[in-house]
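Going by TrEMBL, these are the annotated features:
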type	residues	note
DOMAIN	123-463	domain 'Peptidase M50'
TRANSMEM	49-72	transmembrane segment
TRANSMEM	123-143	transmembrane segment
TRANSMEM	150-169	transmembrane segment
TRANSMEM	189-211	transmembrane segment
TRANSMEM	411-436	transmembrane segment
TRANSMEM	456-480	transmembrane segment
């Protein structure tokens, strides 16, 4: 027993020496190594810092009111969606404000292991950590600027989520005026907003920044094709290919690729112009039958090259022909009706692939290679093919670097913005609690003389804000897991 107590004491002394703290689901490290650097930042250009954190104070107060409006609107939208229809499909690559992790002040619809791709975890956790560090640097520098003693900086991991914190001398913090306190409490939210704006500017200016090494506007560069992708194969897409067209929809960048696929998915299948002579030459007799969904098939199920096409003439509007897809589509223009196919008085037909519902035949141009003919749901093509708008000027340049920068900036914008929004909510244990208390002290002290009454008002507002945030968390988690 004595040996066990001695070992426990040694272990606790070792943790204390290195500033470590371990508890269930929580690992924390605090150090004074960066104190000198924080003091240098806090004493740099006092007038500029005064103006900087005063702007941050105004922003923080506005963000406190704005976050309540945003969460209230989000809650109403979620309730409406739950009561009217099933949750809409969601692109896993996007982040939206709905699900909260209160201990980190995060508000996300990205839950690792639920709807966040494994390939994105590095971006996710790195962006969380950087956003947290920038947030706490704001608090620390503002505190030093207001003559509050700075004890140390630290990093923690709660379950799997990383975060940061600063240790300030509470007595000093309580002695300064409410306005000074507001500058400190609003600094974290303000710094997260600035980080989000800076990340957006980098994302917006990335083509200009990378112009000496990469060019844009010529198509979408294929960076990865999933092994199970329908685009994978000898006549499919390969890493390094540049996609220039989807059907008759031009592709100059990744946004065009996504937009074209969205249009193809929403609109009916386009047809292809075929002359009467070619149609007669290529078609061969086949048995016509209806699928379970009501669409018509007229080719053998074993055929890998032929597709059933429907067309109409002056006498019959429901004709079908089994045709070799590549011979029909290559060098043919797309059409909607037979009128689109009239050329030099030569009769022609607009033949449309007769496919199952939601399935499309898509001609993908990626010169100088032969066109890829894709049959399937357009979204499957979107999910399994990764592209970039940046084409390297030299072969030795990485095709992944612009994608990494783009993706990381998007995560920083989303997560840093989420951290700003949620921390501004007047809720217990978040920055919004201290922002609200200082704001009430600064504005209501002359109207409500008794401090206990002011504290009661603050408590009721915090209770309502906490309930609003909790409702968003509960419904958001339910929406994620229900998918």
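Along the chain as shown, the residues are counted starting at 1.
Every residue, even glycine, has its Cβ placed from backbone N, Cα and C.
Predicted automatically and left uncurated, TrEMBL annotations should be read as such.
Here the transmembrane segment (411-436) sits apart from the transmembrane segment (150-169); fewer than 3 CB pairs are under 8 Å, leaving out pairs fewer than 6 apart in sequence. Between the transmembrane segment (49-72) and the stretches 150-169, 189-211, 456-480, the greatest number of Cβ pairs separated by less than 8 Å involves 189-211.
Taken together, the residues in the domain 'Peptidase M50' (123-463) have a mean pLDDT of 91 on the 0 to 100 scale.
Outside the transmembrane segment (123-143) by six or more residues, the chain places 38, 41-42, 49, 53, 56, 104-106, 110, 112, 116, 150, 153, 155, 160-166, 168, 173, 183-185, 187-192, 195, 407-408, 411-412, 414-416, 419, 423 with a CB less than 8 A from a CB of the stretch.
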